[in-house]
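Just below is one structure, and these are the notes that go with it.
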Amino acid sequence: MSIFRLSRTFSLETCLKSSSFKIRWRFFSVSYASRKLASEDNKPSIQEVVRGIPQNRVRNWAVIAHIDHGKSTLSDCILKLTGVINEHNFRNQFLDKLEVERRRGITVKAQTCSMIYYYHGQSYLLNLIDTPGHVDFRAEVMHSLAACEGCILLVDASQGIQAQTLSNFYMAFSQNLVIIPVLNKVDLPTADVDRTLIQVQQTFDIPMSKPILVSSKTGKNVEQILPEIIQKIPPPKGSENAPLRCLLIDSWYNSYQGVIGLVRIMEGFIKKGGKVMSVNTGRKYEVQQVGIMYPDMTEVSRLRAGQVGYIIWNMKNIDEAIVGDTYSTIGSNVEALPGFSIPQSMVYVGAFPLDGSDYERLNDNIEQLALNDRAINVQKENSSALGMGWRLGFLGTLHLSVFIDRLKDEYGKELLITSPTVPYRIKYKNGREEVISNPNLFPTNHQGISELLEPTVDATIITPSEYLGDVIKLCESCRGLQKDCTYMSESRCMIKYQLPLAHLVEDFFGRLKGTTSGFATLDYEESDYVPADLVRLSIFMSGKSVDALCSIVHRSLALQRGREWIQRLKPLVPKQLYEVILQAVIDNRVVARESISALRKNVTAKCYGGDVTRKQKLLNKQKEGKKRLKSVGNVSIDKSVFYEFLTKKQSN
């Protein structure tokens, strides 16, 4: 009995103590939560923080590197480090907003993000621009660097300096930007930090006594980058009290808000309700909203000199947003800023809807994509075989491929794309010159022509030295002209060739990767037009030219290509009621021929016997009918045949 009372007493006391502890803990929790909420209420908003940062604590900088050297991964680390993104909203390649970018693992569009960084007790506004690494998107890099005072040059410690590393360095150097080299992927077993440091110092003449060695994958030493940016990259120039001058560096279209512009404020300020005008065109707009990318569109009260942000300005016509244009306050007499040179298209294709009824809608979709990528050249054209379509110009084959993917991802549309061609120049004896980007306009009769010229590129190839001989053979087979060959180290060399652009379009990069087991890198820039022996290769069906299959080739390749195309096309063309003749024609001369037999119909099936002349009469009647049909009829070819043929040819 006593044991029972003791246990009851102990249990009661324990419960009372526990209840008292719980009451006290709950009171403490409520009190702590109240203080925490109060502190959060007192915490200034991002708009207030940005408004309080003076111009001398603003830094505009970009990340440039060769493709796949870790630019986007490094940007992710820096955004997490500064608190712009956290574990809840984080995803890999955070700034890569396009589906094609995340699927392919490459950056296509330069993306901007602002961040707040506290250094030595002061807040800094850091505007980061993540740039593409592929040569086809060089224009994006150029536009991005125009908005910066400095950049991070990222180099893969396992691969060293690559072709696009050189190109991006000289692009930044030509704009007098502060360049901070950073070695990435130092945690890899294949990383050779010492060798890469020597390469950077010797190639770029940059002292590497205190190198920044990071791993964007693990986050190692990434925190060392931001203090370097603050200390070495100067703040932007320009007075907030001066008349407004802002540079349009990018634009995109929103169905509800119209054209949205990304601008760098060079002088003055801009705010909601302001009236601005284009210095070049004189068109006027009312500003509906201004803000920064943090990381998404975040409205602020005003954008001041030195800042990078977006403007919603009631612009409905997508043709009015000209990248590189200068905007100022209405009534201000200011000088236009140096704009951007429009990049010249290097690859042209014919594009046609698979369904003719989609033409108008596709036209709107293509114009909206062209607004977001001014390097795309769009012209309408008509094909007798494929109907209404467009002649599209791109900076390269990857640029073309990304455009096709974006059209499918963002609008659910597909196009029938003809063979890529390059712009050729024709000089006539009377002094006139003409540039031809459509093969159907290339003359078959060379009378009156003094010279035919094709575009070339200056290609820079960096390859392991053991593949040097194979690379030279590949370039020579593409009619290349060697310009230089230097050894960067005992194991790597850099070779420069002048190559016909037409060969570069025809999967030269893929062949280069196959020749060097994927170790070679390629960069190129536009070079001169040189004389070439060019001919037009036409495909005829039953005596009529098929304009969708026309191309311009060098005479040395024309015969082989004509035979290949005819043999590949033959099994795809459906049989007709009469024989169909396929011909490859060069300079009005047939160089390859195939025939597709007619559909057979047994017209004598009902004749079971009797005079043989009855059967002969029916056969002759059928023969005359086929002859008459052949003389007046057209070969009916569905678009799916062209789609299959062109798709196979491009994949090969």
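In case you wondered, yes, glycine gets a Cβ from its N, Cα and C as well.
DSSP classifies Asp68 (GTP binding site) as coil under the three-state reduction. Under the heading GTP binding site, Swiss-Prot lists 65-72, 130-134, 184-187.
Residues annotated as domain 'tr-type G' in Swiss-Prot: 56-237.
Annotation comment: Swiss-Prot describes 1-44 as transit peptide, evidence class sequence analysis.
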In three-state DSSP terms, the structure that Thr131 (GTP binding site) belongs to:
coil
CB contacts under 8 angstroms to Val186 (GTP binding site), restricted to the same chain and 6+ apart in sequence, sorted by sequence, are Ala157, Val193, Leu213, Val214, Ser215, Lys220
Most Cβ neighbours within 10 Å, among the binding-site residues Lys71, His134, goes to Lys71
